[in-house]
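> The structure that follows is given in the form of C-alpha cells.
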Amino acid sequence: MLRPYLLPVETALWLFPVVAALVLVPAAVRGYRSRGRAGGWSALVGYSFVFYLLAAFLQTVVPLPRESEGLCGAMRYAAGPQLEPLEFVRAVSEAGGGSWAPGGLVGLLPFWTTLLNFVLLLPLGVYLRYYLRQGPAAATVLAFGTSLFFETTQYTGLWYTYPCPYRQFNVDDLLLNTLGAVLGWLLAGPLGRLLPRHDPDRERARYGPRVTLPRRALAHGADLAGWLIAWTLATGLLSVGAEWATGRRHAILLGTALAVLWFWLLPLAWGATPGQRAVLLKVARPDGRRAGPVRLTARQVLTHAPLGLGWALLAVRTGVLPSPGGTAETLLWWATGAAALLAWVWSPLAVLWRRDGRAPAERWTGTAVLATPNRRERRRLRARKRDRDGAPDHEPGRGRDAGPGRTAVEAARRPA
C-alpha cells in the first residue's frame with residue numbers, strides 16, 4: 001500500500017547527488033556571503049532542505065505514466081478538479097462504513113492518503129521557521145504557494161508533458177498541505193531549542209573575516225568557470241552571427257580579450273575579480289588601503305601566469321601565433337610548468353602554512369587578499385557613520401561597538 005509513496009523517495013535518493021552538485025557552487029557562495037563560511041551545520045541543514053524539496057516534488061509526479069497513448073481514457077477521474085472542501089472526510093467515512101475507530105482507520109487507503117497529504121509539507125513548516133526564519137503569516141503563504149504549485153503541476157499533466165492530467169487537482173490537498181506546514185512551523189519552536197543554533201549573523205561575525213584556502217579556491221574556480229562560459233557564449237554567438245570558420249578563427253582572440261577584462265581591468269576598477277567579489281574578497285595592501293594599479297597588475301600577472309602561458313601555447317598550437325620553434329617553444333613549456341607549480345602548488349601550501357595566510361605573489365607585490373563586509377554590514381556601518389556625524393560631541397572611539405559588521409571591516413584591514 002505504501003509502495004507508491006516510497007518510490008518517489010527512492011527516486012530522490014538517486015537524483016539528489018546530481019542536484020547537490022548543481023547547487024554546490026551557488027550554495028557555497030551564498031554561505032560565504034551570509035555566514036562567512038560554506039560548511040558547518042547550516043550547510044548540512046541547507047542540503048537536507050534541498051533533498052526534502054526534491055522528494056516532496058517527486059511525491060506529486062512519480063510514478064510517471066509509462067506511455068501517453070490511452071492515458072486520457074485511463075485517467076478520466078483526473079480530468080476535472082475536485083473543488084469541494086473537506087471531501088476527504090466523506091471519503092474516509094464511506095471507506096470505513098461510518099466508523100472512525102483507530103483500529104479500522106489503519107487499513108483504509110483514503111485515511112493514509114489524507115494523512116500523507118497532511119504531513120507532506122509539515123517539514124516545510126519546520127524549515128521555514130528554523131532555517132529560513134519566516135514568521136507564521138509568511139510561512140502559511142509560502143506553504144500554500146508550494147502546495148498550489150504541486151497541484152497545478154498535476155493538473156497540467158506535468159506542465160503539458162502529457163496530453164492530460166494523470167493526477168487530480170484536489171482542493172483538499174491544498175488545505176491539508178497548508179495545515180501540515182502550519183503545524184510544522186509550530187513544532188519548530190520547541191524543536192529549534194533542541195537543535196544547534198542557526199544564527200547567520202553570529203556565524204558571519206566569527207567566520208566572515210577569515211580568508212581561508214577553500215574560500216580563495218572557490219573564488220578562483222568561479223573566475224575560471226565564469227571566464228570560460230563567457231568565452232564559449234561569445235564564440236558561439238560569433239559563429240552563429242557570422243559563420244563557423246569566423247568563430248573558430250577569432251576564438252583565441254576573444255578569449256584573450258575576455259581574460260584581460262576579467263582578470264585585469266575589472267580588478268583595477270573593483271579591487272577584485274568577479275569571483276572574489278562573489279565571496280566577499282578583495283585585493284588590497286595589507287593595511288586595507290587600495291593596492292594601486294602597479295601592485296595589482298603585478299599580483300594578477302604572477303597569480304594567473306599559468307593561465308596566460310598555457311593560453312599562449314594554445315595560440316601557438318592553433319596557428320594564431322607563429323611557432324617560436326626549437327628551444328624557445330621548449331622554454332615556453334617549461335615556463336608554463338614552473339608557473340603552474342608556483343601558483344597551484346607552492347601558493348596554496350604557503351597560504352596554509354604561513355601565519356599571515358599570504359601567497360608568494362602577494363608578498364612579492366605588497367598585496368593581500370582581505371575579507372569585505374556584506375550588504376547588511378555595510379548598511380550598519382553607514383548608519384553608525386551617520387550617527388557619529390550627527391553627534392560631533394562624542395569622544396573618539398565612542399559608539400564603536402564590536403557588532404558583526406564592525407568585526408568584518410576591522411578584520412578586513414588586517415593581513416589575511
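Using the three backbone atoms N, Cα and C, a Cβ is placed for every residue, glycine included.
What TrEMBL lists as compositional bias 'Basic residues' is 376-385. Summarising the annotation, TrEMBL assigns compositional bias 'Basic and acidic residues' to 386-403. The domain 'VanZ-like' annotation in TrEMBL covers 49-188. Annotation comment: TrEMBL describes 214-316 as domain 'RDD'. Look at TrEMBL and you will find 374-416 tagged as region 'Disordered'. What TrEMBL lists as transmembrane segment is 12-29, 41-61, 109-128, 140-162, 174-196, 217-239, 251-272, 301-320, 332-353.
Mind mapping these onto the model and telling me what they sit next to?
On the 0 to 100 pLDDT scale, the model's mean across the domain 'VanZ-like' (49-188) is 88.
With DSSP states grouped into helix (H, G, I), strand (E, B) and coil, the domain 'RDD' (214-316) comes out at 82 helix, 5 strand, 16 coil.
Away from its own ends, the transmembrane segment (109-128) comes close to residues 1-2, 5, 45, 49, 52-53, 56, 59, 88, 91-92, 94-96, 134, 138-139, 142-143, 146-147, 172-173, 176-188, 191 of its chain (Cβ-Cβ under 8 Å, at least six residues beyond either end).
A Cβ distance under 8 Å defines the sequence-distant neighbours of the transmembrane segment (140-162), meaning residues of its chain 6+ beyond its ends; these are 56-57, 60-61, 64-65, 68, 71, 78, 81, 121, 124-125, 128, 134, 168-170, 173-174, 177-178, 180-182, 185.
Sequence-remote contacts of a segment are chain residues at least 6 beyond its ends whose Cβ falls under 8 Å from one of its Cβ atoms, and for the transmembrane segment (174-196) they are 41, 85-86, 88, 114, 117-130, 134, 136, 139-140, 142-144, 146-148, 150-151.
Outside the transmembrane segment (301-320) by six or more residues, the chain places 224, 252-253, 255-256, 259, 263, 329, 332-333, 335-336, 339-340, 342-344, 347, 359-361, 364-365 with a CB less than 8 A from a CB of the stretch.
Sequence-distant contacts of the transmembrane segment (332-353) (same chain, six or more residues past either end, CB-CB distance under 8 Å): 213, 216-217, 302-306, 309-310, 312-313, 316, 324, 359-361.
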> Count the residues of the compositional bias 'Basic residues' (376-385) that DSSP assigns to helix (H, G, I), to strand (E, B) and to coil, and report the three numbers in that order.
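Grouping H, G, I as helix and E, B as strand yields 10 helix, 0 strand, 0 coil.
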